[in-house]
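Copied over from TrEMBL:
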ACT_SITE  Lys250  active site, N6-AMP-lysine intermediate
BINDING   Glu248, Arg255, Arg271, Glu301, Phe341, Arg418, Lys424  ATP binding site
DOMAIN    329-464  domain 'ATP-dependent DNA ligase family profile'
Amino acid sequence: MRYETVAEAYRDLEQATGRLAMIDRIAGLIEQTPVELLPAVVLLCQGKIAPDFAGVDIGLAERLAARAVGTAAGVTQDRALAGARETGDLGLAAERLLGERDLVDTPGLQVSVVFDTLHEIAAAAGAGSQGRKLELLVALLGRATPLEARYLVRTVTGNLRLGIGTATILDGLAQVYAGGRKARPVLERAFNICSDLGLVAATVAEGGPEAVQQIRVRAGNPVRPMLAQRLSSPAEVLAKLGGSCAAEYKYDGIRVQAHRTADGTLELYTRGLERMAWQFPDLVQMLDAALRPAEVILEGEVVAFDPASGDLRPFQEVMYRRRTHGIAEAAAQVPVSLFCFDLLYADGEDLTHLDYPQRRQRLTAAVETSGPLRLATAEVVTDVAGLDALFEQAVADGCEGLVCKSIAPTAGYQAGARGWTWVKLKRDYRTELTDTLDLAVVGALYGRGRRAGMYGALLLAAYDPDNDVFQAVSKCGTGFSDADLAGLPGRLAPLIRDERPARVDSGRDADVWFEPGLVIEVVAAELTPSPHYTAARGKLPDEDAGLALRFPRFTGRWRDDKTPEDATTTDELLQLYQAARRATA
Ligand SMILES: Nc1ncnc2c1ncn2[C@@H]1O[C@H](COP(=O)(O)OP(=O)(O)OP(=O)(O)O)[C@@H](O)[C@H]1O
């Protein structure tokens, strides 16, 4: 298969204006792709060559890529960089410069060659690796057509930005190989269990939806985390969970999924399924000694703590462990504790279908707790007074609140789902929305006065997973420090688009549009219907109104641990709005 075919699809996808058009175009590409290349092609469409959890990073610096473009086009690196400045994109510059060559010399590339070479580029390490990467890229560009060069350069520099989410690709796969888009849930479940789009693609192409249903949890493939809904009062929580539940402390740290595979390797994954064992060698050692099953998948929350008093420390401190480069010093400065709360797999057995009491029992048996390695505090509660008391205790002990978990026999571990099996109880937002929202930045408005010349406010959106779109809910210009504001253009530059991206649904205009990529945490006074916003539009009594935030404020927390698809959903906003209305009625 020619890479040009993929590049043409990219070009069309970039120009597509609606989601259905994107699905159709992706489906067209899938149809043109031989089955053995399908895993490569779906990954390439997301600008990747391996699933996130594999920790493979092409990540070539722009300068090195510019040198490769220059060499391949027979011009200087400066000329290539100047082209990038002119067009705002090294990919376009490469397309132009290479387009000036004699086309007879450019036979074009094969997908398999591109994929393998990109892997070689990613793998080159150690002394002389920069030269090797350069050489490999020059060789690819030397044979690439101009259109291929555009996307090759964007891929190696991490700037592909086609704006297609996993859901859209799954829709395309379902359309071609599973009898229609109605089959997406089957594919989605498999993806949630293995987090490997390439594997799902290969399986459905070879064996249809039946084969996809056979995909199982296994150590080494991170499971997409189960998430919690939220409610505002203990009474509502108990009513929702059938009168009783297991209430666990909600620790304010970093979620971690630990995997020990048959070869004895222990890896830790973030909520976004990135590897983080290298940042927490102390934790790896602690777990390795304490886990009884040889092969295991366990979840917990890593929290910083003060060894002298045993007190839990705020979220910012454990984040320090992720940001800093002096790993050993940081480990000494900020010791961490792990509170284990779930066990998904042990020695060949998939435990996700077990109910909470059984999983908790297996968890207790699987971990030898001692010192900083503990089980999450959990208590079965059957009345409001009990839940209230535990909530107060949790807050007094330095936690955010509680995660209340269903103990029904049917309530297994729902990978990747935000269902009503787990319900979080933070603070009371009966009168005010004191719980935070995580929203995707989709646009910006230029500042005035003191903020002239920089972004003055951001346009924020919630995610609608059913339609894979981002619906605008607020403009937010409050809560940003001067340093935050100064840093915004840098953070957002790679996401800028000339027009409103196809997955962004907004009634409001913006001065600058962004592909959803940055997620920030905000608080607001309340949600109100508004004709100017599109979040949950069509689901409110006034059909033309969407939900809008009143008095939104940035909390200072960049949710770099969340992808835009992890942002607060429009259904969650709707529930918050309805809960607030019930409370004031
Ligand atoms: N005992 C616990 N059980 C489950 N999750 C817990 C527990 N303690 C802390 N957590 C954390 O709380 C989160 C559950 O809330 P939710 O599913 O809404 O995730 P979230 O979107 O990251 O929310 P938040 O920003 O409120 O942490 C988990 O992702 C996990 O990081």
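Glycine residues also receive a Cβ, built from the backbone N, Cα and C atoms like all the rest.
Feature map: annotations from TrEMBL on the structure.
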residue	record	DSSP class
Glu248	ATP binding site	strand
Arg255	ATP binding site	strand
Arg271	ATP binding site	coil
Glu301	ATP binding site	strand
Phe341	ATP binding site	strand
Arg418	ATP binding site	strand
Lys424	ATP binding site	strand
Q. Among the binding-site residues listed here, Glu248, Glu301, whose Cβ has the fewest other Cβ atoms inside 10 Å?
A. Glu301
Q. List, in sequence order, the same-chain residues at least six positions removed whose CB sits under 8 Å from that of Arg418 (ATP binding site)?
A. Leu227, Ala228, Gln229, Thr569, Glu572
(Q) Let me make sure I understand the span of the ATP site: among Glu248, Arg255, Arg271, Glu301, Phe341, Arg418, Lys424, what is the greatest distance between any two Cα atoms, in Å? (A) 19
Q) Which value does the mean pLDDT take for the domain 'ATP-dependent DNA ligase family profile' (329-464) in this predicted structure? A) 91
(Q) Quick check for the class: what is the C-alpha distance, in angstrom and rounded, between Phe341 (ATP binding site) and Lys250 (active site, N6-AMP-lysine intermediate)? (A) 10
Q.
Give me the CA-CA distance between Arg271 (ATP binding site) and Lys250 (active site, N6-AMP-lysine intermediate), in Å, as a whole number.
A. 15
**Q.** Which listed residue (Lys250, Arg255, Arg271, Lys424) has most other Cβ within 10 Å, given these are recorded positions
**A.** Lys250
Q. Among all the protein chains here, how many other CB atoms are within 10 A of the CB of Phe341 (ATP binding site)?
A. 24
Q | Distance from Lys250 (active site, N6-AMP-lysine intermediate) back to Lys424 (ATP binding site), taken between C-alpha atoms, in Å | A | 8
